[in-house]
Amino acid sequence: MQSNKQEEYIDLRQYWLILKRRWLPASAVFGFVLLLTALVTFLQKPVYQAQGKLLLKRTGSTSTVTGLGKELGQLDSLVDSPESNYPVNTQAEIINSVAFAQRTINELDLKNEQGEPLKIKEFQQRLEVKNIKGTDTLLISYKSTVPEQAQAVVNKLMDSYLRNNMMATRTEAIAARNFIESQLPKSKISVQKAEAQLREFKERNNILDLENEAKAAVTLVTDLENQIAQAQINLANANMRSAALQREIGINVEQAKVINALSQSAGVQKALADYQEVESKLANERSRYQENTPVIADLKLKQASLREVLEKRVQQVFKGQQPLLDQNLQIGELQQKLTEDYVKTEVERIVFNNQLSALSKVYSNYKQRAGIIPQLQQKQRELEREVDAAQSTYATLLKKLEEVRIAENQNVGNAQIVDVGRVAEEPVAPKKLLNFALGGVAGIILAVFIALARDAVDTSIKTLREAKEVLGYTVLGVIPNFDKIDKLNSRNENPEQTLPKIPVKCTPRSMISEIYGMIYANLKFLGSDQELRVITITSAVPKEGKSTVSANLALAIAQLGFKVLLVDADMRSPSQHQFWELGNNKGLSNLIVEQIDLETVVTKVEQNLYVLTSGVLPPNPLAILNSRRMASLVEVFSSSYDFVLIDTPPLSAAADARIIGAMTDGIVMIVQPQLLDTGSAISAKELLEQSSQNVLGMVVNGVCPENEPDSYFYVKEYNTEKDLVTSDINAKDRAKVS
């Protein structure tokens with residue numbers, strides 16, 4: 001969390017630094033926007049606004065024209081929910097429509113500034129119709145440079161809306177009545193058709209009350225099942241008794257019927273008894289008389305007569321059937337009882353069998369009927385629903401017809417004017433304070449945008465942090481920008497006094513001298529494993545102050561008691577002879593080419609400090625610098641002096657620095673923000689990497705304290721000589737190797 005806050009703070013400071021760097025274009029843009037705002041504000045004509053309020057109210061229940069809950073001309077549920085403002089917003093759109101605008105323009109003969117009829121689009125831009133939140137009220141506003149015109153437009157719009165609303169209400173009622181009257185005959189036919197279908201269905205399926213019939217069918221089917229079961233039991237018992245009696249008497253049922261009938265006939269039994277008596281006498285007489293005797297003949301004649309009588313009586317009983325044998329015409333009492341029981345049992349069996357058949361048939365019919373009752377009920381309910389729906393629709397139409405006739409005769413709309421438009425006394429525009437505030441905000445935003453855009457287009461390295469990020473070298477020291485003393489100390493008596501090229505020489509006790517001493521200390525720390533004696537100093541591009549840094553660093557080291565040689569190897573644009581006010585007739589080029597002694601060209605400029613100028617500028621400096629003589633001279637320099645600094649051309653100008661850097665213990669890069677661009681820095685770094693140079697680090701020169709987000713500098717009078725004193729609070733950038 002703390003890290004995020006720190007990053008945010010750094011980003012804000014970065015933006016502030018960008019604004020400080022680009023203050024001039026940002027200020028120009030800000031001033032231009034404010035000036036433009038002032039011109040627009042003071043040149044704009046006063047605009048007046050008239051307002052009116054229109055209340056949208058509910059209508060009575062007599063306006064209902066449909067059965068779906070919609071009421072004629074009614075804006076229902078206007079403020080009950082977030083979505084309920086839709087009807088009010090719809091009315092607002094109606095007032096803001098092209099038709100209303102055109103009608104108002106024509107009736108009021110509205111003109112624009114050129115005297116032409118006002119355009120509908122311009123009219124709508126001046127008009128504002130909105131719902132007052134939480135109410136059923138519309139606020140109608142119109143702006144115009146003429147206050148009376150604004151008032152007239154608002155009142156005309158509200159009057160037009162009321163007339164239109166009233167006419168729309170009556171028109172809707174008439175349309176509803178015509179529609180209902182056209183639907184009534186169709187609805188009546190639908191009712192009759194539905195009722196006829198229901199009646200036909202009941203008649204076809206013999207339906208009185210299906211609900212009760214379904215309940216009764218369940219009970220009846222259960223009773224029939226019980227009766228059938230009992231009949232089956234009775235039939236089984238009768239069958240068993242009949243079979244037992246048949247085995248006992250040895251005759252079938254038909255024979256039993258005959259025997260039973262004969263035994264119960266008195267005439268047959270009387271004739272049979274007479275016949276048996278004569279037959280008995282005949283048998284007795286035959287034992288006494290011959291067959292041809294009159295007694296026997298008389299008995300035979302009587303026997304034949306009685307037999308004929310018996311046969312006639314038997315035929316009378318069986319109505320022409322073949323008479324039975326004589327032994328069957330008379331049975332015993334037990335035999336007769338068994339025969340009677342057999343016949344009764346057989347009759348019962350037939351009755352039980354017929355009863356079972358009848359019950360089974362009835363059961364089957366009821367079972368079948370019970371099975372189709374659910375289908376009949378479903379069909380009946382469907383038909384009843386159709387009847388109910390048709391009747392309900394018909395009744396609703398009749399009711400709505402009466403209501404719409406009442407609504408048609410009403411002359412009332414659903415809106416009324418709450419507040420008429422009035423002539424405005426004060427203009428609503430221009431709002432000077434608001435305009436200037438908005439102009440100021442817009443100016444600030446645009447100024448910041450311009451500053452950021454300019455900074456984004458600028459590819460130069462602007463701060464110490466950017467130099468670290470682009471090059472990635474160790475920071476050996478940070479040298480502030482001392483162009484003029486008045487920038488550092490406002491109390492200086494001479495604000496036009498400029499800083500000398502070699503401040504270490506002029507102010508040896510100043511903090512700037514300490515900065516160069518700190519650079520040497522950092523170099524010494526780098527060479528703790530291997531002593532650094534010969535160092536090449538260069539930069540990526542010209543004008544970064546490499547020669548100035550070389551001169552001051554050499555003097556700072558010499559002041560520490562070391563014997564130092566400063567070599568000006570920049571044979572393209574030498575400057576060391578100017579810093580030390582020396583001649584340049586003889587120098588390094590002469591030493592390489594003419595094979596002269598080192599002492600003849602080296603000049604002692606300060607205690608322990610010796611300077612070797614560039615000498616006569618050769619036509620091809622790279623050729624002489626890339627010679628064996630130069631390599632041997634570097635070895636001589638290293639053995640003759642405690643410390644050797646070689647000032648070389650920028651890397652972008654020539655390959656001299658890389659050639660000499662390969663002969664020395666390492667290279668120190670001089671980097672100046674605002675002067676070095678990112679592309680040149682990357683290119684210089686690639687050149688050093690390609691030639692496998694030992695880059696010891698970089699000295700950041702000309703740092704502007706106000707541009708640095710990580711550190712700042714302060715100045716003060718340190719002694720009576722008023723030496724310049726600078727201090728870099730950020731110890732990590734000047735006191736140690738990162």
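From the backbone N, Cα and C atoms, a Cβ is placed for every residue, glycine too.
Now, the feature entries from TrEMBL:
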- 191-292: coiled coil (COILED)
- 373-400: coiled coil (COILED)
- 10-108: domain 'Polysaccharide chain length determinant N-terminal' (DOMAIN)
- 376-455: domain 'Tyrosine-protein kinase G-rich' (DOMAIN)
- 23-43: transmembrane segment (TRANSMEM)
Whole-number mean of pLDDT values that fall within the coiled coil (191-292): 70
Tally of DSSP helical, extended and coil residues in the domain 'Tyrosine-protein kinase G-rich' (376-455): 58 helix, 6 strand, 16 coil
Remote residues contacting the transmembrane segment (23-43) - C-beta distance under 8 A, at least 6 residues beyond either end: 430, 432, 435-436, 438-440, 442-444, 446-448, 450-451, 454
